Amino acid sequence: MAEMNFGGVMETVVTSHEFSLEKAREVLKNETIAVIGYGIQGPGQACNLRDNGFNVIVGQRQGKTYEKCLKDGWVPGKTLFSIEEAAEKGTIICMLLSDAGQIACWPKIKPYLTPGKTLYYSHGFAINWSDRTGVVPPKDIDVIMVAPKGSGTSLRTMFCEGRGLNCSYAVYQDASGKAEEKTIAFGIGIGAGYLFKTTFQREATSDLTGERGSLMGAIEGLLEAQYDVLRENGHSPSEAFNETVEELTQSLGPLFGAKGMDWMYANCSTTAQRGALDWAPRFREAIKPVMEWLYYSVKTGNEAQISIDKNSQADYREKLNAELEAMRNKEMWQAGVTVRKLRPENN
Ligand SMILES: NC(=O)c1ccc[n+]([C@@H]2O[C@H](COP(=O)([O-])OP(=O)(O)OC[C@H]3O[C@@H](n4cnc5c(N)ncnc54)[C@H](O)[C@@H]3O)[C@@H](O)[C@H]2O)c1
Ligand SMILES: CC(C)(O)[C@@H](O)C(=O)O
Ligand SMILES: [Mg+2]
Ligand SMILES: [Mg+2]
(Lines of atoms letter the chains of each structure in order from A and count residues from 1; the text may use other names and numbers.)
(Lines give C-alpha, C1' and ligand atoms only; values in the text may rest on other atoms or scores of the structure.)
(Ligands and ions follow the chains in the order given, each with its own letter.)
Protein backbone atom coordinates (compact mmCIF):
# COMPACT_ATOMS: atom_id res chain seq x y z
CA MET A 1 0.00 0.00 0.00
CA ALA A 2 1.25 3.49 -0.79
CA GLU A 3 0.05 6.74 0.76
CA MET A 4 -0.36 9.28 -2.04
CA ASN A 5 -1.46 12.90 -2.17
CA PHE A 6 -4.43 13.40 -4.53
CA GLY A 7 -4.78 17.17 -4.79
CA GLY A 8 -4.30 17.63 -1.05
CA VAL A 9 -6.28 14.54 0.03
CA MET A 10 -4.20 11.58 1.20
CA GLU A 11 -5.32 8.19 -0.12
CA THR A 12 -3.96 4.67 0.20
CA VAL A 13 -3.47 2.96 -3.14
CA VAL A 14 -1.87 -0.23 -4.40
CA THR A 15 0.44 -0.67 -7.38
CA SER A 16 2.55 -3.59 -8.57
CA HIS A 17 5.46 -2.00 -6.67
CA GLU A 18 3.76 -2.72 -3.34
CA PHE A 19 2.06 -5.93 -4.52
CA SER A 20 4.02 -7.74 -7.20
CA LEU A 21 2.64 -10.09 -9.83
CA GLU A 22 4.71 -12.87 -8.19
CA LYS A 23 2.94 -12.23 -4.89
CA ALA A 24 -0.44 -12.18 -6.65
CA ARG A 25 0.35 -15.55 -8.23
CA GLU A 26 1.35 -16.93 -4.82
CA VAL A 27 -1.88 -15.68 -3.18
CA LEU A 28 -4.09 -17.21 -5.90
CA LYS A 29 -1.99 -20.31 -6.66
CA ASN A 30 -4.62 -22.77 -5.40
CA GLU A 31 -7.57 -21.00 -6.96
CA THR A 32 -9.48 -21.85 -10.11
CA ILE A 33 -10.78 -18.57 -11.50
CA ALA A 34 -14.10 -19.13 -13.31
CA VAL A 35 -14.96 -16.19 -15.56
CA ILE A 36 -18.73 -16.38 -16.12
CA GLY A 37 -19.70 -14.37 -19.21
CA TYR A 38 -17.52 -13.41 -22.15
CA GLY A 39 -18.92 -10.07 -23.34
CA ILE A 40 -16.63 -7.05 -22.86
CA GLN A 41 -15.02 -7.48 -19.42
CA GLY A 42 -14.93 -11.28 -19.61
CA PRO A 43 -12.35 -11.53 -22.43
CA GLY A 44 -10.21 -8.68 -21.07
CA GLN A 45 -9.95 -10.12 -17.58
CA ALA A 46 -9.79 -13.80 -18.57
CA CYS A 47 -7.05 -13.30 -21.21
CA ASN A 48 -4.95 -10.99 -19.00
CA LEU A 49 -5.15 -13.45 -16.09
CA ARG A 50 -4.26 -16.36 -18.39
CA ASP A 51 -1.29 -14.48 -19.86
CA ASN A 52 -0.17 -13.60 -16.32
CA GLY A 53 -0.05 -17.30 -15.42
CA PHE A 54 -3.24 -17.78 -13.39
CA ASN A 55 -5.49 -20.82 -13.55
CA VAL A 56 -8.52 -19.59 -15.52
CA ILE A 57 -11.60 -21.24 -16.96
CA VAL A 58 -14.52 -19.62 -18.79
CA GLY A 59 -18.27 -20.29 -18.46
CA GLN A 60 -20.32 -19.11 -21.43
CA ARG A 61 -23.65 -20.16 -22.96
CA GLN A 62 -23.73 -21.41 -26.57
CA GLY A 63 -24.05 -18.84 -29.37
CA LYS A 64 -21.98 -16.14 -31.07
CA THR A 65 -20.01 -15.31 -27.92
CA TYR A 66 -19.13 -18.98 -27.41
CA GLU A 67 -17.47 -18.87 -30.85
CA LYS A 68 -15.40 -15.92 -29.66
CA CYS A 69 -14.23 -18.00 -26.67
CA LEU A 70 -13.02 -20.68 -29.10
CA LYS A 71 -11.23 -18.08 -31.23
CA ASP A 72 -9.46 -16.77 -28.13
CA GLY A 73 -8.08 -20.24 -27.42
CA TRP A 74 -10.41 -21.49 -24.67
CA VAL A 75 -10.77 -25.28 -25.02
CA PRO A 76 -14.15 -26.99 -24.53
CA GLY A 77 -14.06 -29.45 -21.61
CA LYS A 78 -10.66 -28.14 -20.48
CA THR A 79 -10.90 -24.39 -20.02
CA LEU A 80 -14.34 -23.67 -21.55
CA PHE A 81 -17.58 -24.89 -19.97
CA SER A 82 -21.26 -24.14 -19.58
CA ILE A 83 -22.07 -21.51 -16.95
CA GLU A 84 -23.11 -24.17 -14.41
CA GLU A 85 -20.04 -26.39 -15.00
CA ALA A 86 -17.67 -23.43 -14.66
CA ALA A 87 -19.43 -22.30 -11.46
CA GLU A 88 -19.03 -25.82 -10.09
CA LYS A 89 -15.32 -26.12 -10.97
CA GLY A 90 -14.32 -22.57 -10.01
CA THR A 91 -13.22 -21.48 -6.56
CA ILE A 92 -13.43 -17.78 -7.52
CA ILE A 93 -16.69 -17.27 -9.40
CA CYS A 94 -16.45 -14.09 -11.48
CA MET A 95 -19.82 -12.58 -12.33
CA LEU A 96 -19.01 -11.00 -15.68
CA LEU A 97 -22.41 -11.47 -17.22
CA SER A 98 -24.27 -8.27 -18.03
CA ASP A 99 -25.78 -6.76 -14.87
CA ALA A 100 -29.26 -7.86 -16.00
CA GLY A 101 -27.90 -11.30 -17.01
CA GLN A 102 -26.51 -11.71 -13.49
CA ILE A 103 -30.05 -11.46 -12.10
CA ALA A 104 -31.38 -14.02 -14.58
CA CYS A 105 -28.49 -16.43 -13.89
CA TRP A 106 -28.34 -16.00 -10.11
CA PRO A 107 -30.49 -19.12 -9.41
CA LYS A 108 -28.07 -21.15 -11.61
CA ILE A 109 -24.95 -19.86 -9.82
CA LYS A 110 -26.09 -19.76 -6.20
CA PRO A 111 -26.06 -23.54 -5.56
CA TYR A 112 -22.32 -23.62 -6.39
CA LEU A 113 -21.37 -20.91 -3.89
CA THR A 114 -20.27 -23.39 -1.25
CA PRO A 115 -18.22 -22.49 1.87
CA GLY A 116 -14.64 -21.48 1.04
CA LYS A 117 -15.49 -20.11 -2.41
CA THR A 118 -15.28 -16.48 -3.48
CA LEU A 119 -17.88 -14.50 -5.40
CA TYR A 120 -16.25 -11.81 -7.53
CA TYR A 121 -17.79 -8.77 -9.23
CA SER A 122 -16.57 -5.93 -11.41
CA HIS A 123 -19.45 -3.70 -10.37
CA GLY A 124 -21.31 -2.86 -7.17
CA PHE A 125 -24.65 -3.19 -9.02
CA ALA A 126 -25.91 -6.65 -7.97
CA ILE A 127 -25.06 -6.25 -4.29
CA ASN A 128 -25.80 -2.55 -3.80
CA TRP A 129 -29.26 -2.87 -5.34
CA SER A 130 -29.92 -6.34 -3.89
CA ASP A 131 -33.49 -5.26 -3.08
CA ARG A 132 -34.01 -4.95 -6.86
CA THR A 133 -31.68 -7.71 -8.10
CA GLY A 134 -32.50 -10.37 -5.51
CA VAL A 135 -28.78 -11.19 -5.19
CA VAL A 136 -28.02 -12.09 -1.57
CA PRO A 137 -24.87 -14.24 -1.28
CA PRO A 138 -24.49 -16.91 1.40
CA LYS A 139 -22.71 -15.58 4.50
CA ASP A 140 -19.89 -18.17 4.51
CA ILE A 141 -18.17 -17.05 1.28
CA ASP A 142 -15.97 -14.07 0.42
CA VAL A 143 -17.62 -11.43 -1.78
CA ILE A 144 -15.15 -9.12 -3.50
CA MET A 145 -14.92 -6.64 -6.35
CA VAL A 146 -12.33 -5.23 -8.73
CA ALA A 147 -13.92 -2.64 -11.03
CA PRO A 148 -11.80 -1.56 -14.01
CA LYS A 149 -12.22 2.15 -14.72
CA GLY A 150 -12.61 1.72 -18.45
CA SER A 151 -13.77 -0.68 -21.11
CA GLY A 152 -12.72 -4.33 -21.01
CA THR A 153 -11.45 -3.73 -24.55
CA SER A 154 -9.00 -1.13 -23.19
CA LEU A 155 -8.10 -3.41 -20.27
CA ARG A 156 -6.85 -5.93 -22.82
CA THR A 157 -5.21 -3.56 -25.32
CA MET A 158 -3.45 -1.57 -22.60
CA PHE A 159 -2.19 -4.82 -21.02
CA CYS A 160 -0.84 -5.94 -24.42
CA GLU A 161 0.92 -2.56 -24.75
CA GLY A 162 2.55 -3.01 -21.33
CA ARG A 163 0.27 -0.41 -19.73
CA GLY A 164 -2.47 -0.76 -17.11
CA LEU A 165 -6.05 0.39 -16.54
CA ASN A 166 -6.86 1.80 -13.08
CA CYS A 167 -9.30 -0.20 -10.98
CA SER A 168 -11.22 0.27 -7.76
CA TYR A 169 -11.58 -2.60 -5.30
CA ALA A 170 -13.82 -3.50 -2.39
CA VAL A 171 -14.61 -6.33 0.00
CA TYR A 172 -18.27 -6.89 0.87
CA GLN A 173 -17.88 -10.12 2.86
CA ASP A 174 -14.69 -11.52 4.37
CA ALA A 175 -15.47 -15.06 5.46
CA SER A 176 -11.91 -16.33 4.97
CA GLY A 177 -10.12 -13.46 6.70
CA LYS A 178 -8.07 -13.17 3.50
CA ALA A 179 -10.55 -11.45 1.21
CA GLU A 180 -8.67 -8.16 0.84
CA GLU A 181 -5.38 -9.84 -0.09
CA LYS A 182 -7.24 -12.00 -2.61
CA THR A 183 -8.95 -8.93 -4.10
CA ILE A 184 -5.72 -7.01 -4.56
CA ALA A 185 -4.02 -10.09 -6.03
CA PHE A 186 -6.90 -10.37 -8.51
CA GLY A 187 -6.57 -6.70 -9.47
CA ILE A 188 -2.84 -7.08 -10.09
CA GLY A 189 -3.60 -10.27 -12.05
CA ILE A 190 -5.97 -8.53 -14.47
CA GLY A 191 -3.37 -5.82 -15.09
CA ALA A 192 -4.55 -2.87 -13.00
CA GLY A 193 -2.58 0.37 -13.34
CA TYR A 194 -3.21 1.21 -9.70
CA LEU A 195 -5.97 0.09 -7.34
CA PHE A 196 -7.96 2.38 -5.07
CA LYS A 197 -10.28 1.27 -2.32
CA THR A 198 -14.04 1.78 -2.45
CA THR A 199 -17.26 0.10 -1.31
CA PHE A 200 -19.87 -1.68 -3.43
CA GLN A 201 -22.23 1.25 -2.77
CA ARG A 202 -19.78 3.97 -3.80
CA GLU A 203 -18.61 2.10 -6.89
CA ALA A 204 -22.15 1.46 -8.08
CA THR A 205 -23.23 5.09 -7.69
CA SER A 206 -20.05 6.69 -9.07
CA ASP A 207 -19.89 4.30 -12.03
CA LEU A 208 -23.48 4.83 -13.14
CA THR A 209 -23.00 8.59 -12.72
CA GLY A 210 -19.75 8.64 -14.73
CA GLU A 211 -21.05 6.66 -17.69
CA ARG A 212 -24.31 8.62 -17.89
CA GLY A 213 -22.34 11.82 -17.32
CA SER A 214 -18.99 13.03 -18.61
CA LEU A 215 -17.74 9.67 -19.91
CA MET A 216 -20.57 8.91 -22.32
CA GLY A 217 -24.00 10.57 -22.04
CA ALA A 218 -22.98 14.13 -21.26
CA ILE A 219 -20.09 14.16 -23.72
CA GLU A 220 -22.31 12.87 -26.51
CA GLY A 221 -24.94 15.48 -25.67
CA LEU A 222 -22.38 18.29 -25.49
CA LEU A 223 -20.70 17.39 -28.78
CA GLU A 224 -23.96 16.95 -30.68
CA ALA A 225 -25.32 20.26 -29.37
CA GLN A 226 -22.24 22.15 -30.56
CA TYR A 227 -22.20 20.39 -33.94
CA ASP A 228 -25.88 21.22 -34.47
CA VAL A 229 -25.39 24.90 -33.65
CA LEU A 230 -22.43 25.14 -36.05
CA ARG A 231 -24.41 23.42 -38.83
CA GLU A 232 -27.49 25.57 -38.22
CA ASN A 233 -25.25 28.60 -38.72
CA GLY A 234 -23.97 27.50 -42.09
CA HIS A 235 -20.70 25.75 -41.25
CA SER A 236 -19.80 22.69 -43.33
CA PRO A 237 -19.78 19.18 -41.83
CA SER A 238 -15.97 19.15 -42.14
CA GLU A 239 -15.65 22.36 -40.20
CA ALA A 240 -18.27 21.44 -37.59
CA PHE A 241 -16.84 17.96 -37.00
CA ASN A 242 -13.23 19.13 -36.79
CA GLU A 243 -14.12 21.98 -34.44
CA THR A 244 -16.22 19.69 -32.22
CA VAL A 245 -14.75 16.18 -32.18
CA GLU A 246 -11.61 15.61 -34.23
CA GLU A 247 -9.56 18.34 -32.57
CA LEU A 248 -10.72 17.14 -29.16
CA THR A 249 -9.77 13.49 -29.67
CA GLN A 250 -6.64 14.06 -31.77
CA SER A 251 -5.06 17.23 -30.43
CA LEU A 252 -6.41 18.73 -27.21
CA GLY A 253 -7.68 15.59 -25.38
CA PRO A 254 -4.27 13.90 -25.52
CA LEU A 255 -2.69 17.15 -24.22
CA PHE A 256 -4.86 17.33 -21.09
CA GLY A 257 -4.63 13.55 -20.72
CA ALA A 258 -0.86 13.81 -20.62
CA LYS A 259 -0.28 16.86 -18.43
CA GLY A 260 -3.56 18.30 -17.19
CA MET A 261 -6.11 20.90 -18.27
CA ASP A 262 -3.89 23.93 -17.62
CA TRP A 263 -1.22 22.39 -19.85
CA MET A 264 -3.71 22.00 -22.67
CA TYR A 265 -4.79 25.63 -22.17
CA ALA A 266 -1.17 26.78 -22.12
CA ASN A 267 -0.67 25.17 -25.54
CA CYS A 268 -3.56 27.06 -27.10
CA SER A 269 -3.67 30.71 -28.15
CA THR A 270 -4.24 33.47 -25.62
CA THR A 271 -7.46 34.20 -27.52
CA ALA A 272 -8.61 30.64 -26.85
CA GLN A 273 -7.44 30.74 -23.23
CA ARG A 274 -9.29 33.99 -22.47
CA GLY A 275 -12.56 32.80 -23.99
CA ALA A 276 -12.44 29.28 -22.57
CA LEU A 277 -11.66 30.60 -19.09
CA ASP A 278 -14.72 32.85 -19.34
CA TRP A 279 -17.05 30.18 -20.71
CA ALA A 280 -16.04 27.23 -18.48
CA PRO A 281 -17.91 28.56 -15.40
CA ARG A 282 -21.01 29.24 -17.51
CA PHE A 283 -21.02 25.65 -18.71
CA ARG A 284 -20.35 24.40 -15.18
CA GLU A 285 -23.29 26.40 -13.86
CA ALA A 286 -25.63 25.28 -16.63
CA ILE A 287 -24.65 21.62 -16.33
CA LYS A 288 -24.37 21.20 -12.54
CA PRO A 289 -28.16 20.96 -11.97
CA VAL A 290 -28.38 18.20 -14.60
CA MET A 291 -25.49 16.38 -12.86
CA GLU A 292 -27.30 16.69 -9.53
CA TRP A 293 -30.47 15.33 -11.13
CA LEU A 294 -28.44 12.45 -12.56
CA TYR A 295 -26.77 11.64 -9.23
CA TYR A 296 -30.15 11.66 -7.48
CA SER A 297 -31.60 9.34 -10.12
CA VAL A 298 -28.66 6.95 -9.59
CA LYS A 299 -28.69 7.12 -5.78
CA THR A 300 -32.39 6.39 -5.49
CA GLY A 301 -31.99 3.26 -7.64
CA ASN A 302 -34.05 4.72 -10.49
CA GLU A 303 -31.23 4.29 -13.04
CA ALA A 304 -30.54 0.74 -11.87
CA GLN A 305 -34.24 -0.12 -12.23
CA ILE A 306 -34.39 1.30 -15.77
CA SER A 307 -31.37 -0.77 -16.69
CA ILE A 308 -32.84 -3.92 -15.11
CA ASP A 309 -36.22 -3.45 -16.81
CA LYS A 310 -34.87 -2.63 -20.26
CA ASN A 311 -31.89 -5.01 -20.37
CA SER A 312 -33.88 -7.99 -19.06
CA GLN A 313 -36.11 -7.95 -22.15
CA ALA A 314 -35.50 -10.78 -24.61
CA ASP A 315 -34.69 -8.35 -27.44
CA TYR A 316 -32.59 -5.89 -25.36
CA ARG A 317 -29.52 -6.30 -27.57
CA GLU A 318 -31.44 -5.67 -30.82
CA LYS A 319 -33.01 -2.57 -29.30
CA LEU A 320 -29.67 -1.18 -28.08
CA ASN A 321 -28.10 -1.93 -31.46
CA ALA A 322 -30.92 -0.11 -33.26
CA GLU A 323 -30.24 3.01 -31.16
CA LEU A 324 -26.50 2.77 -31.81
CA GLU A 325 -27.21 2.42 -35.52
CA ALA A 326 -29.36 5.56 -35.43
CA MET A 327 -26.45 7.38 -33.73
CA ARG A 328 -23.97 6.05 -36.31
CA ASN A 329 -26.22 7.24 -39.15
CA LYS A 330 -26.47 10.85 -37.97
CA GLU A 331 -24.77 13.29 -40.32
CA MET A 332 -22.31 14.26 -37.59
CA TRP A 333 -20.99 10.76 -36.94
CA GLN A 334 -21.02 9.90 -40.66
CA ALA A 335 -18.93 13.02 -41.22
CA GLY A 336 -16.57 11.48 -38.65
CA VAL A 337 -16.20 8.32 -40.76
CA THR A 338 -14.89 10.43 -43.64
CA VAL A 339 -12.71 12.58 -41.39
CA ARG A 340 -11.07 9.46 -39.89
CA LYS A 341 -10.43 8.05 -43.38
CA LEU A 342 -8.59 11.25 -44.20
CA ARG A 343 -6.15 10.95 -41.30
CA PRO A 344 -2.78 10.52 -43.05
CA GLU A 345 -2.08 7.32 -41.11
CA ASN A 346 -5.30 5.83 -42.54
CA ASN A 347 -4.82 6.63 -46.20
N1 LIG B 1 -18.17 -3.33 -20.37
C2 LIG B 1 -17.15 -2.90 -19.63
O3 LIG B 1 -16.08 -2.59 -20.14
C4 LIG B 1 -17.28 -2.83 -18.12
C5 LIG B 1 -16.38 -2.01 -17.39
C6 LIG B 1 -16.39 -2.08 -15.99
C7 LIG B 1 -17.30 -2.93 -15.35
N8 LIG B 1 -18.18 -3.67 -16.10
C9 LIG B 1 -19.07 -4.60 -15.40
O10 LIG B 1 -18.66 -5.92 -15.74
C11 LIG B 1 -19.77 -6.81 -15.82
C12 LIG B 1 -19.86 -7.41 -17.21
O13 LIG B 1 -20.15 -6.38 -18.12
P14 LIG B 1 -19.98 -6.56 -19.71
O15 LIG B 1 -20.21 -5.20 -20.31
O16 LIG B 1 -18.72 -7.30 -20.00
O17 LIG B 1 -21.24 -7.48 -20.02
P18 LIG B 1 -21.95 -7.75 -21.44
O19 LIG B 1 -23.17 -6.90 -21.54
O20 LIG B 1 -20.95 -7.66 -22.52
O21 LIG B 1 -22.45 -9.23 -21.24
C22 LIG B 1 -21.56 -10.26 -20.80
C23 LIG B 1 -22.10 -11.63 -21.09
O24 LIG B 1 -23.36 -11.83 -20.48
C25 LIG B 1 -24.02 -12.81 -21.24
N26 LIG B 1 -25.44 -12.77 -20.85
C27 LIG B 1 -26.27 -11.70 -20.81
N28 LIG B 1 -27.50 -12.08 -20.38
C29 LIG B 1 -27.42 -13.41 -20.13
C30 LIG B 1 -28.35 -14.38 -19.66
N31 LIG B 1 -29.61 -14.06 -19.36
N32 LIG B 1 -27.93 -15.68 -19.54
C33 LIG B 1 -26.65 -16.02 -19.85
N34 LIG B 1 -25.72 -15.13 -20.30
C35 LIG B 1 -26.11 -13.86 -20.44
C36 LIG B 1 -23.72 -12.42 -22.67
O37 LIG B 1 -23.83 -13.54 -23.51
C38 LIG B 1 -22.27 -11.98 -22.55
O39 LIG B 1 -21.39 -13.05 -22.77
C40 LIG B 1 -20.98 -5.93 -15.43
O41 LIG B 1 -21.16 -6.04 -14.04
C42 LIG B 1 -20.53 -4.52 -15.80
O43 LIG B 1 -21.21 -3.51 -15.09
C44 LIG B 1 -18.19 -3.64 -17.45
C1 LIG C 1 -16.55 1.42 -19.51
C2 LIG C 1 -17.45 2.02 -18.42
C3 LIG C 1 -18.39 3.03 -19.03
O4 LIG C 1 -16.61 2.67 -17.48
C5 LIG C 1 -18.19 0.93 -17.62
O6 LIG C 1 -18.67 1.48 -16.43
C7 LIG C 1 -19.31 0.21 -18.33
O8 LIG C 1 -20.39 0.06 -17.74
O9 LIG C 1 -19.11 -0.24 -19.46
MG1 LIG D 1 -20.54 0.89 -15.80
MG1 LIG E 1 -17.23 2.46 -15.49
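Any Cβ shown, glycine's included, is placed from N, Cα and C.
Automatic prediction, not curation, is the source of TrEMBL annotations.
TrEMBL lists D207, E243, E247 with the feature Mg(2+) 2 binding site. Taken from TrEMBL, the feature Mg(2+) 1 binding site covers D207, E211. What TrEMBL records for S269 is substrate binding site. According to TrEMBL, the domain 'KARI N-terminal Rossmann' annotation covers 10-198. Look at TrEMBL and you will find 199-346 tagged as domain 'KARI C-terminal knotted'.
Sequence features annotated in TrEMBL and their locations in the structure.
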residue	record	CB count, 10 Å
D207	Mg(2+) 2 binding site	20
E211	Mg(2+) 1 binding site	14
E243	Mg(2+) 2 binding site	14
E247	Mg(2+) 2 binding site	12
S269	substrate binding site	9
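Remark: secondary structure over the domain 'KARI C-terminal knotted' (199-346) totals 126 helix, 0 strand, 22 coil, with classes taken from DSSP. Among the binding-site residues D207, E211, E243, E247, S269, the residues whose Cβ lies under 6 Å from any atom of ligand 2 are, in sequence order, D207, E211. Confidence over the domain 'KARI C-terminal knotted' (199-346), given as mean pLDDT on the 0 to 100 scale, stands at 98.
Checking the binding-site residues E211, E243, E247, S269 against ligand 3 with a 6 Å cutoff on the Cβ atom leaves E211, in sequence order. Rounded to a whole number, the C-alpha distance linking D207 (Mg(2+) 2 binding site) with S269 (substrate binding site) is 35 angstrom. Geometry remark: E243 (Mg(2+) 2 binding site) versus the residue listed as 'substrate binding site', CA distance 15 Å. Counting only the Cα atoms, the space from E211 (Mg(2+) 1 binding site) to E247 (Mg(2+) 2 binding site) is about 22 angstrom. Each residue contributes its Cα atom, and for E247 (Mg(2+) 2 binding site) and the residue listed as 'substrate binding site' these two points are 14 Å apart. For ligand 4, the nearby binding-site residues are D207; that is, of D207, E243, E247, S269, these have a C-beta under 6 Å from one of its atoms.
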